[in-house]
Amino acid sequence: MKIASNITELIGRTPLVRLNRIPLLEGCGAKIVVKLEGMNPAASVKDRIGINMINRAEQEGLIEPGKTLLIEPTSGNTGIALAMVAAAKGYQLILTMPETMSQERRAMLKAYGAKLELTPGSEGMGGCIRRAQELAESLPNAYMLQQFDNPANPQIHQQTTALEIWQDTDGAIDFLVAGVGTGGTITGVASVLKEKKPSFQAIAVEPQNSPVLSGGKPGPHKIQGIGAGFIPEVLDVNLIDEVIAVTDEEAIAYGRRLAREEGILSGISTGAALAAAIKVAKRPANKDKLIVMIQPSFGERYLSTPLFQDLE
């Protein structure tokens, strides 16, 4: 019988889908395909690191279901993934999250049974991380998973995401375009694919209003899920061939178009990735090349945000 023993066994093995109408209208010479991470059980790429960080901590004897209180700072999707895994395994979970994150994120976290503590939006992810550290130090039997520093984050992308992309493209991938939050996805995938195909290039996407990877200063922006305002420990910048900065307006516009012209409902960071992918696909040197862009999350948790507001 083909029956998963629990929900976490359904994480990964997400499909690729080719974009048709948008690249045609934009005059793209390269092919753009999307890795639909929104088809994971809790609807984001973070499901992968959620299960791997918890599994590794269990294997190392650091945490135990029913005894350990898990704590994590999150912009939303990692929190949702951890809440799903914690519910399935029997952990209590406290999440710290900037108050600027969407209402749907908050509702989903509570639906899974997680406790949520909001931090000032002006402090960004830095304030969120500091509060999580305070809780981890003050509460009994608490353990902080630390997605920004945890090697289990890029590891799962080396073991799963990279190989899925390689196999599903028959090794034909030329470019990966991925937004950088923790940097785990681009680090894990690029580290594997660069060994398999030396000509492969990894392109990082960041907010133009917080261009830290490009050497700029951190700042407030509307692209939830990327642009943490610092360079995370798990991000290997040496694997990045190019950084493309995207405006809030571009991310919103392309996120909307993806839903309306391709039928793919996604979050704002997917819109940012698409904006960058189109720039790469339009370059004459990239004619007939294959670009794989990551869809980090499904769009239902963004319906209250500027991405899907004021639609006609």
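Cβ atoms are placed via backbone N, Cα and C, with glycine included.
Of the listed candidates (Ser269, Ser304), Swiss-Prot assigns Ser269 to the same pyridoxal 5'-phosphate site as Asn77, Gly181, Thr182, Gly183, Gly184, Thr185.
When the binding-site residues Asn77, Gly183, Thr185, Ser269 are screened for a Cα within 10 A of the Cα of Lys46 (N6-(pyridoxal phosphate)lysine), the ones that qualify are Asn77, Thr185. Among the binding-site residues Asn77, Thr182, Thr185, Ser269, the residue whose Cβ has the fewest other Cβ atoms within 10 Å is Thr182.
Look at the Cβ of each of the binding-site residues Gly181, Gly183, Gly184 and count the other Cβ atoms within 10 Å; the largest number goes with Gly184. Apart from Asn77, Gly181, Thr182, Gly183, Gly184, Thr185, Ser269, the residues listed for pyridoxal 5'-phosphate, the same chain places the Cβ atoms of Val45, Lys46, Ala178, Gly179, Val180, Ile186, Gly225, Ile226, Pro296 within 8 Å of the centroid of those Cβ atoms.
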